[in-house]
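Residues annotated as region 'Disordered' in Swiss-Prot: 1-21. Taken from Swiss-Prot, the feature active site covers HIS54, and the record attributes it to sequence analysis. What Swiss-Prot lists as ATP binding site is TYR57, LYS101, ASN512, GLY549. Taken from Swiss-Prot, the feature Mg(2+) 1 binding site applies to GLU103, ASN550, supported by sequence analysis. The feature substrate binding site is assigned by Swiss-Prot to SER104, HIS105, ASN106, HIS107, ARG126, GLN252, GLU324, SER325, GLN326, SER552. Here Swiss-Prot flags HIS105 as active site, proton acceptor, drawing on sequence analysis. Annotation source Swiss-Prot lists Mg(2+) 2 binding site at ASP127, ASP280.
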Amino acid sequence: MLDTVEHAATTPDQPQPYGELGLKDDEYRRIRQILGRRPTDTELAMYSVMWSEHCSYKSSKVHLRYFGETTSDEMRAAMLAGIGENAGVVDIGDGWAVTFKVESHNHPSYVEPYQGAATGVGGIVRDIMAMGARPVAVMDQLRFGAADAPDTRRVLDGVVRGIGGYGNSLGLPNIGGETVFDPCYAGNPLVNALCVGVLRQEDLHLAFASGAGNKIILFGARTGLDGIGGVSVLASDTFDAEGSRKKLPSVQVGDPFMEKVLIECCLELYAGGLVIGIQDLGGAGLSCATSELASAGDGGMTIQLDSVPLRAKEMTPAEVLCSESQERMCAVVSPKNVDAFLAVCRKWEVLATVIGEVTDGDRLQITWHGETVVDVPPRTVAHEGPVYQRPVARPDTQDALNADRSAKLSRPVTGDELRATLLALLGSPHLCSRAFITEQYDRYVRGNTVLAEHADGGMLRIDESTGRGIAVSTDASGRYTLLDPYAGAQLALAEAYRNVAVTGATPVAVTNCLNFGSPEDPGVMWQFTQAVRGLADGCADLGIPVTGGNVSFYNQTGSAAILPTPVVGVLGVIDDVRRRIPTGLGAEPGETLMLLGDTRDEFDGSVWAQVTADHLGGLPPVVDLAREKLLAAVLSSASRDGLVSAAHDLSEGGLAQAIVESALAGETGCRIVLPEGADPFVLLFSESAGRVLVAVPRTEESRFRGMCEARGLPAVRIGVVDQGSDAVEVQGLFAVSLAELRATSEAVLPRYFG
């Protein structure tokens, strides 16, 4: 029997499985209070997915407000759309705008790695499409268990194939990212996908439904049983110790070729002025799209749910509403434009159906074969869910963790020991070449990729006539964030900011994806709140806004949470991509190598401590955001004036790793001469922040050095590029051939996963 609104009103005591749907007792009572009756089965399903942690941000919302509190009017000046929209949009000049966002698809990617990762890419691409933009590139932040753990092969293989298969089929270049291995991610990988889109400012579209009588059109793929309770339930629950799910919702199934057609269809609809408001269908499906569109508009909405094209027989209204079938969009269209809208969809062979209209009321009403199964105030579904002030407590173990310094570890001293250390780090899964993974992605499709391979940040040309471009980088360090969540988030921000700066671009905006354990753990909530405040304060110090983001909680197996992993993405703008700064050495004969910034004895949380002693303790490197701003300004000026021919930021593995990566990228040797009195181990392997390796043309050395001195930026000459050499030599200590470095680095991942 169909559970209608009328039936629900006359059967107040009918038992309902709200607990099985993830609702708490008090949440169920609140729904009854809102409606003045018990919810129908369909309403109950709708509230359960929309009030899930993934969709409602009920544990994080109270803390995320701090981003708004710390964003000044000056920081907002370039933002065309920010937090609360499908994706942030930034004015980059000359009438152009860029939209970008990063989101998680962690839990589905463990259950079914290929489809979980593929649909993660598809979902973030549709968020970008919904802003009126053409998607132009993707990036990914991946975290897996230990490289030698049995299940890591299954998960990594599926995730990498899923990302490559979907992104390559869409014709979107994958311009960068990061892959990290750590035992804490066994059973709970992180798959964070970022997409960048480009649009003219006048083409910006937002998610709202207004104008009584305007039609609601669902277009794209048919609606099936895949993904019901998928990301919205999976992302709001943990895995048990055996790695199996406590709940068994299905993972969504993606069709990249349908999405590719959908992109072109949307762009033609936008160009024709046929769209008033638009929303993609992601987590919670039509439940989310209809309630968000209605609550953001100036009226109500009616939906004839039985009009939705299905690909499975005998689906219930709740299943149709909550299905997370992919490649679907929902648009608000003026009645006079419906025929033209449908004609464009027919041209692209995209199925489109009028399923409802905007009303002048204040309710979201959904019917099924003429009977009302949903009658709710839409804001209570989409925006007025529960908000929790979870208990926050600094873990009792934090003091002991911070007291466990790496200074107690044995350090290499001799040239042979330093050489062995370099090869050990380079030959570990933590610092080895990622070519085995990245070669499965198309980095140069569409022909606008300027930097991707070997680069700190990816760069794209946006305007062929002027050369205007953008650079993007994403970074995170769970190890540093465990030691100090506030500083760890700022270090991730600083590195992403620096990675954009070393390309010659100017950082302008931030997005984030905050991956943490259970919010019901006060220690996790302490990590989360500290990371949010660190990131927000850091953005305020740098003067760049957070335009949006995502929170992923319940990333744990049993009671063991992942390392707190705030992923930070930074967008930069460059006036002309022809003045970009590459990573590889050897562009100019006899380049001088210089180290910018201060090097301190900072090894707590470092890759050296991890690889050589499996040690994690102490305090992370010092963060100096004023220095990061200064570095960015110097690099931008140097790029404009042609003073720098290559640059590479220093992070994991320190100076030694940066030198090796730049030498291999340029396929040229170099000779390093350490400053007199320097500790070779500290200078080569410290992970102090705020540092950059630059190659300066011989003719520009004095000019560049003078600019650094004038601005108060430490700059030390540490060697020269030797195009006649096939080795990296640290004078007086050791030398390693490029062939040995490359072989050591490139052999690691194929050994584990080939």
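Glycine is no exception: its Cβ is also placed from the backbone N, Cα and C atoms.
Structure with Swiss-Prot features highlighted.
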{"residue": "TYR57", "record": "ATP binding site", "contacts (Cβ under 8 Å, 6+ apart)": "LEU64, VAL551"}
{"residue": "LYS101", "record": "ATP binding site", "contacts (Cβ under 8 Å, 6+ apart)": "ASN86, ALA87, GLY88, ILE124, ASP127, ILE128, LEU194, CYS195, THR511, THR547, GLY548, GLY549, ASN550"}
{"residue": "GLU103", "record": "Mg(2+) 1 binding site", "contacts (Cβ under 8 Å, 6+ apart)": "GLY120, GLY123, ILE124, ASP127, ASN192, ALA193, CYS513, ASN550"}
{"residue": "GLN326", "record": "substrate binding site", "contacts (Cβ under 8 Å, 6+ apart)": "THR119, GLY122, GLY123, ALA221, ASP226, GLY227, GLN252, VAL253, GLY254, ASP255, MET258, GLU259"}
{"residue": "ASN512", "record": "ATP binding site", "contacts (Cβ under 8 Å, 6+ apart)": "VAL102, LEU535, VAL546, GLY549, ASN550, PRO566, VAL567, VAL568, GLY569"}
Cβ neighbours within 10 Å, counted over all protein chains: which one of the binding-site residues ASP280, GLU324 has the most? GLU324
Nearest by Cα to ARG126 (substrate binding site), of the recorded positions HIS54, HIS105, ASP280, is ASP280
Counting all other Cβ atoms within 10 Å across every protein chain shown, which of the binding-site residues SER104, ASN550 scores highest? SER104
Distance from GLU324 (substrate binding site) back to ASP280 (Mg(2+) 2 binding site), taken between C-alpha atoms, in Å: 11
If you draw a 10 Å sphere around the Cβ of the residue listed as 'active site', how many other Cβ atoms fall inside it, taking every protein chain shown into account? 26
Reduce the DSSP letter at ASP127 (Mg(2+) 2 binding site) to three states and note it down. helix
Name the residue among the recorded positions HIS105, ARG126 whose Cβ has the smallest number of other Cβ atoms within 10 Å. ARG126
Compute the C-alpha separation of GLU324 (substrate binding site) from the residue listed as 'active site', stating it in Å without decimals. 14
Quick note, HIS105 (active site, proton acceptor) and the residue listed as 'active site': C-alpha atoms separated, nearest Å, by 11
Counting each residue once, how many in the region 'Disordered' (1-21) are helix, strand and coil under DSSP? 6 helix, 0 strand, 15 coil
For ASN512 (ATP binding site), name the DSSP secondary structure in the helix/strand/coil scheme. strand
Roughly how wide, in whole Å, is the group SER104, HIS105, ASN106, HIS107, ARG126, GLN252, GLU324, SER325, GLN326, SER552 that binds substrate, by largest Cα to Cα distance? 21
Whole-number Å distance separating the Cα atoms of ASN106 (substrate binding site) and HIS54 (active site) is 11
Considering each pair of residues in TYR57, LYS101, ASN512, GLY549, all listed as binding ATP, report the largest CA to CA distance in Å, no decimals. 17
For ASN550 (Mg(2+) 1 binding site), the three-state class that DSSP assigns: strand
